Amino acid sequence: MQIVRAEEMYEWDRRAMDEYGREGYILMENAGRALAGRIREKFPKDEKFLVLIGGGNNGGDGYVIARILKDQGFDVTAVQVVPDEKIEGDALYHKNVYTKSGYDLAELTEQEWNRGTVVIDAMLGIGVKGPLRPPFDDLVRDVNLYGMHRVSIDIPSGLPADEGEEEFEAVKADTTFIVQAPKLSLFTEHTSGYYGEAEVVDIGLPPLSVTDPAREWRAEEDVKEGYPRLPASAHKGSRGKGLLIGGAQMMPGALVMAAKASIRSGAGLTTAATVPGNIPSAAGSLPEVMFMGTEEVDGVISGIDTDSLTGKDAVAAGIGMGRKEPGRAVMETLLKETKVPLLIDADGLYHLRFLLDVLKEREEVTVVTPHVKEMADLTGESTGEVKRNPFSISSKFARDYGVYVVLKGPHTIITAPDGRQIVESSGNEGLAKGGSGDVLTGILLTMLMQHEHPLEALANGCFLHGKSAELLTAGERTVYDLLPTDVVEGLSSVFRTYIKE
Ligand SMILES: NC(=O)C1=CN([C@@H]2O[C@H](COP(=O)(O)OP(=O)(O)OC[C@H]3O[C@@H](n4cnc5c(N)ncnc54)[C@H](O)[C@@H]3O)[C@@H](O)[C@H]2O)[C@@H](O)CC1
Ligand SMILES: Nc1ncnc2c1ncn2[C@@H]1O[C@H](COP(=O)(O)OP(=O)(O)O)[C@@H](O)[C@H]1O
Ligand SMILES: [K+]
């Protein structure tokens, strides 16, 4: 499913009319009918609906919804919140249909506020610009104040559709029925909460691709269909030989979790390279993994035998390796000498910020997997800026350095060097715990070895990781006690539920 900016949504609408000959008022009828259908399915017939209708096409959708719900016998009070002269075009057409149907408009009184149980917010859509002007400023506050269930149409009124906007006032919806395609603000941290429970409603626009480069929200079906299946003739070589590099004397756990995740997610053979002192205990807990000692200074990795890179299908480096000086040279060597996909995470990203010129020179596939703070440090932006602009900041970094970016969070945004983006939203707050990222690194290492397209591979890996958490917390675990090591074990149920044919 495409994720659109406001401009792209308008483009979609315009092309449906200009190229496909669909009349605007018919599109609006279809939109309102689809939206009313979802409202009808969600709420029992004894609810008392208050529909607030604004002056643009969002209000036009509101007129269609109010009429259809009334046609079907629902208790609906409709209020046009702007003067008559503001209603024009397709919205005016549908206002006329509404009134010719014998339905009237009400004044917004204290009584109406108190009588309603569900408010349908069709005041402002993706056309909102700048701070709210009267009467919308007061109305948005009132909607948030009264205790009705708040249903926003397309977008909570006042909320920006795109990323980047810092100051706004908006309806805090309980439910949002999004028209046709999710907008960027559904995925940015400071705006996503306003949507409440969000559902995309297909209003039947022709299937056009309006995002270029493509920007897509991953659905379970996409993963089920596209996941590379294992042939019966598989052997360990065909499943990939991966190398994980990380772990300092005081941080052996990260590497152990990543290595375990790598083999659990299906790697043929995983080798873990770490400081020699960590090997006896790590090897004891991971009999399937091969170990290799690195050079060491002050308890951290200070060098790696580049022969170990030969014969590998992918390499992941940086987890738990610490930030001490020697690590930088190790990362520089890896950037220069790794001829297969190289994934860099955690402390490896810390060192990378001093090696950006080397990164730029590198020609083979490179993946960086920062969380917001690491992305901020890599790009020199503040964490606030990264949170407000995750799509464009990821895209710029991916293009500037020719890398794949996995910007981790509740909605993980994966970007290819050409700017294509996939959002993977599986997972829950149970993953907000030290070590979750290490598990993800192990999974992604495996995915990179098994799929010819890194963007798809990375999206599949984020899905496995997030779904494991979801399945576990739907069963025995909760978001409080879930451990990263549980997420590794939970991969079995993800494969059984979603991947196995
Ligand atoms: N064919 C259809 O029926 C479709 C309907 N759509 C609906 O149309 C909406 C977009 O319609 P519009 O472009 O008319 O935009 P809006 O419905 O968001 O209304 C924009 C109007 O609101 C007013 N406004 C903007 N910012 C304001 C502010 N800060 N304070 C006060 N007033 C402000 C302006 O007068 C402007 O004309 C979508 O959100 C969706 O609901 C579209 O999604 C596309 C498809
Ligand atoms: N609230 C959340 N909802 C969904 N996923 C989350 C949430 N918090 C964290 N995650 C996921 O957990 C992982 C955490 O990675 P990271 O921040 O690197 O953790 P660590 O520092 O423990 O390695 C990422 O994959 C991220 O997408
Ligand atoms: K709205």
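From the backbone N, Cα and C atoms, a Cβ is placed for every residue, glycine too.
All annotation found in TrEMBL is predicted automatically rather than curated by experts.
Binding of AMP is annotated in TrEMBL for K408, G409, P410, H411, T412; the matching candidate from G384, G435, G437 at the same site is G437. In the record from TrEMBL, residues N58, D121 bind K(+); the candidate from S157, S185 listed for the same site is S157. Among the binding-site residues N58, G60, D121, K129, S157, G409, the residues whose Cβ lies under 6 Å from any atom of ligand 3 are, in sequence order, N58, D121, S157. Rounded to a whole value, the Cα-Cα separation of N57 ((6S)-NADPHX binding site) and G437 (AMP binding site) is 43 Å. Taking D121, G409, P410, H411, T412, G437 as the candidate binding-site residues, the subset whose CB lies under 6 angstroms from any atom of ligand 1 is empty. Spatial neighbours are here defined as Cα atoms within 10 angstroms of one another, and by that definition the neighbours of N58 (K(+) binding site) among the binding-site residues I126, D154, P410 are I126, D154. For the pair G409 (AMP binding site) and S157 (K(+) binding site), the C-alpha distance works out to 25 angstrom.
The binding-site residues recorded for this entry are D121, H411, T412, and the Cα of D121 lies nearest to that of G60 ((6S)-NADPHX binding site). DSSP gives N57 ((6S)-NADPHX binding site) a helix state.
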